[in-house]
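Listed in TrEMBL:
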{"type": "ACT_SITE", "residues": "76", "note": "active site, cysteine sulfenic acid (-SOH) intermediate"}
{"type": "DOMAIN", "residues": "33-192", "note": "domain 'Thioredoxin'"}
């Protein structure tokens, strides 16, 4: 049996029975960014050393922000990032002005990944080496096999510096709802409305 309540933008879950009949209390961090929220203006690194603030990159533009657990990992490299690179022209036709990908990796790994996947002119590849942006978005996930704190897999439609729509993988790492096909469908639905 679980009880949950919201206290000061934090979720507190109480487990009725913990180990040896004790009550266990689990507190999670602040709630994740949600639709309608402004992007944080934390600093990321593009290329070898160019510092970029996230909210400044998107400004008043219409764009897409994707978060991935790690560069060169199977789901990120084989499916998630390629779905946006391959559909870049179609996304641009639907009004997308900027696409950015963030990962909790250093700038050298992100630059190598950008070169490997030929993202130049299509997707800004942004390193978040200390997970500052990932934590500001409340999208961090502890993935021990990848070395600790990483980003959950997500995609966000950004309009005028705010999150207009979010797709976050239910388990944080799967590759389904955050792919570009869902974003294209969302853009079509908005155009038809």
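Cβ atoms here come from the backbone N, Cα and C positions, even for glycine.
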Averaged pLDDT score, the domain 'Thioredoxin' (33-192): 93
Cβ packing number for residue 76 (active site, cysteine sulfenic acid (-SOH) intermediate), 10 Å threshold: 25
